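Enquirer: Dumping the structure here so I can ask a few things about it.
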């Protein structure tokens, strides 16, 4: 397996729609010249942006977290340019970008140091061969203070690894439960 470069990411996005919308280079300023947390293609990865839809974890309904029987009332929905995650809490969001992963590629997501250095951890499971959709992002606020997440700005980096052989069964082949997801997607069994 080899990590893929900016040239490969650009070509796959422009010719095959691997990342839509695709941002060339690292975007660091908005149209008014204000600083952003960077997003777009980098040397060996792609920094994704967070959309304006969030689900923030709450316990107003005294729910129990059960991945086999998840209660949607465990979250409150927020649509905003900024999401405030309560101390020691959790939020879900999604990428602005829609991904179509090639059959011989595995994509791994890592958090951005800008957030990690503030105690905000991003978790995403690997994007498997032939998976497609908006990526659901999981944010953990590990601090005892409220934390901000900015929509429209970089939140995580995707790394693309191309295998030297094609897998026998892709995510699409086995009918993966998150195939084609749009919006923030809650746990499924």
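Positions of Cβ are set from backbone N, Cα and C atoms, glycine also.
The structure displayed is predicted, hence computed values, not measured ones.
Per Swiss-Prot, the features are:
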{"type": "BINDING", "residues": "112, 113, 114, 115, 116, 117, 136, 137, 138, 157, 171, 181", "note": "dCTP binding site"}
{"type": "ACT_SITE", "residues": "138", "note": "active site, proton donor/acceptor"}
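Quick one: where do these features end up spatially?
Expert: Residue 116 (dCTP binding site) falls within a helical segment according to DSSP.
All protein chains included, residue 138 (dCTP binding site) registers 14 other Cβ atoms within 10 Å of its own Cβ.
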Enquirer: Mind checking which of 114, 136 has the fewest other CB atoms within 10 A of its CB? They're the binding-site residues.
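Expert: Comparing Cβ neighbour counts within 10 Å for the binding-site residues 114, 136 gives 114.
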Enquirer: How many other Cβ atoms are found within 10 Å of the Cβ atom of residue 116 (dCTP binding site), counting all protein chains shown?
Expert: 13
Enquirer: Hey, does DSSP put residue 171 (dCTP binding site) in a helix, a strand, or just coil?
Expert: coil
